[in-house]
Amino acid sequence: MYCAYGALCLVDKRTQQAHCRCQETCSDVFAPVCGSDGITYSSECQLRMASCTKQKRIFTKHQGPCDLKDPCEEKECHFGAQCQPSLDGRSAECICPEKCATYGDSRSRPVCGTDGKDYPNVCEMRRTSCLEMREIDVRYKGRCDPCEKVKCPAYQVCQLDENRNPACRCNDVCTMDFRPVCGSDGQTYANECALRAESCKMQKNIRVIYSGDCSSGSNPCDLIRCGPGQECDIDRFGIASCQCPQACEPKMQPVCGSNGRTYDNECELKRQSCLLRQELTVVHKGECGEHTPCHTHHCSYGAMCVVKNGQPVCECPTCAEEFEPVCGTDGISYTNACKLKREACEQKSDIIVAHDGLCNACYAQQCDFYAVCESFGRGATSCVCPEVCIKVEAPVCGTDGSTYPNECELRIEACRRQEYIAVATKGPCESCEHVHCKHGARCDNGRCVCPTDCPTAFEFVCSSDGKTYMSECEMKRAACQKGRDLSVQFYGSCESISKDAEDDDLPALKRRKISSCHEKQCKYGGICDFNAEGDPFCVCTFHCPAIKEPVCGSDGRMYDNECRMREESCLLQKRIETSERENCVDHVDIPCDGEPPVIDPETGKDYYCGKGHGSKLCPSKTVCHMTRYFAKCCREALLIKTCEDT
């Protein structure tokens, strides 16, 4: 049992029952006071006794009987000061509270002030406001930052739930595997796990748009320019738009903006920057104003001033996991510019961005005609032709009809002439002159041989024998080994028809506002929840894997896998089931629009410009035609220049 207002909790020895007892005794002194309940008490002691007995808060409204006019009614006090009537009850003055009593009620619980500081109760906040002669109001009930003293396990972060209670979330432990993916925010992440972790930490819905870094394919975010504070977001139809940050966490971590205004936290500053369409940056953490400790404190090496225990402290920045590599002047590559600044700050070293991209400039440089890349530092590169070959007698026949002593000599000649010359056959040209090979075999020193190796690229094709092969090369190798002709039916894996059906012929509900999840029907895997306005809606959380197992939906669209199709069905709240592949044939891309892809002269096979082992950049005057099913290099003449070409 909890006893408030000065009462003590006692236990009856006979009944063992707990009860509250008021111990205070009052003298017979007559000094009438008017209580906040409108009753006149003979003294303040009698008022306290009544408050204790009734177990409710009663305070002195003014000295004297209640029928005497309260002198505080026309007295206005500022900055948390309280009106104090004179002893005769005929005048009043504003005074700061000397001490604050704790009654155990809601007014005695911790609060967060608009100055970003925690107070034991409202009274202490008003007392500070009065003593410092500045306006301080209640911003939140409870601590300013409930996560401040919470220590989460490694890789987890503290976030607030809907009741401002702290909780440790985002427990994804990501490896250092470099398998970049492009997110729906237009940013590249080192792998899908890093994307999920960033999505959770930033409390944003970030999805994988496609595998590989965002610059390797068509990034819709490159086509628009967002204003101050805006963020690019790509919807499920691939359309990019600029959005302002959604509602921020309800916590007070005040920052001073470059416009001289104080914001509740950095998220609110960015949000206001977006809404006002005004470039705003954080000058320092804490309130703005000359009286703040950070006003004259200077931080070097990119650190930011933070007030801790009333003292200015320099802290290094925290960074997101987006993959936008830069090369530092220390010769080290960093995931993004922010992480370079953080390293410079922590090491107290003058490290700046030397150039965008990885430090090894030749890492992403593709040289044509067998040229070799040479780096000159600071991102500069040049392609040079090889000059000397080891003398090896291994004649080859080039695609130009000439015989070369070895493949190295062929490459030197191709580079010198700046022409594509590949090895047509091994051995002199005349050795294969009258040899005709079938089923994809090629002539090698006068005899037909089947392909022995193919690039480890996942460009699934469905063959005319009804089987799925990892690539067109694998299909041709199988055709040669079996001695039969095989052709590509379509790009993607062969899928069986799903016979699962759902009852979608339910009668439509009468159109009226639905106010509860009991009335809201969420089908196809959806779960009912409430939005900020209190209206029920269907939440679709499928956590689909980023694998390519294409299926055709009954809505005529192709989906990466069956899980993505079910997710779309849930989002639209409409039945979508797997259908015959030919029903989606109009949505299946053909490499290079049916024209022959560019051949890699080193392998004699089609260039693979996707992601993973064996990937190469397309040569000059060609472009990478990459979809979810294939990645081929096509001649520039096949590019679509305008919307009229589609």
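The backbone N, Cα and C atoms fix where each Cβ goes, and this holds for glycine too.
The domain 'Kazal-like' annotation in TrEMBL covers 21-68 (among others).
Positions annotated as domain 'Kazal-like' by TrEMBL: 88-146 (among others).
What TrEMBL records for 169-216 (among others) is domain 'Kazal-like'.
According to DSSP, the domain 'Kazal-like' (236-290) comprises 11 helix, 13 strand, 31 coil. The domain 'Kazal-like' feature in TrEMBL is assigned to 236-290 (among others).
Per TrEMBL, the feature domain 'Kazal-like' maps to 308-361 (among others).
Summarising the annotation, TrEMBL assigns domain 'Kazal-like' to 368-431 (among others).
Residues annotated as domain 'Kazal-like' in TrEMBL: 449-496 (among others).
The average pLDDT for the domain 'Kazal-like' (539-586) in the predicted structure is 76. Annotated domain 'Kazal-like' per TrEMBL: 539-586 (among others), in sequence order.
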Candidates 21-68, 236-290, 368-431; stretch with most C-beta pairs under 8 Å toward the domain 'Kazal-like' (169-216): 236-290
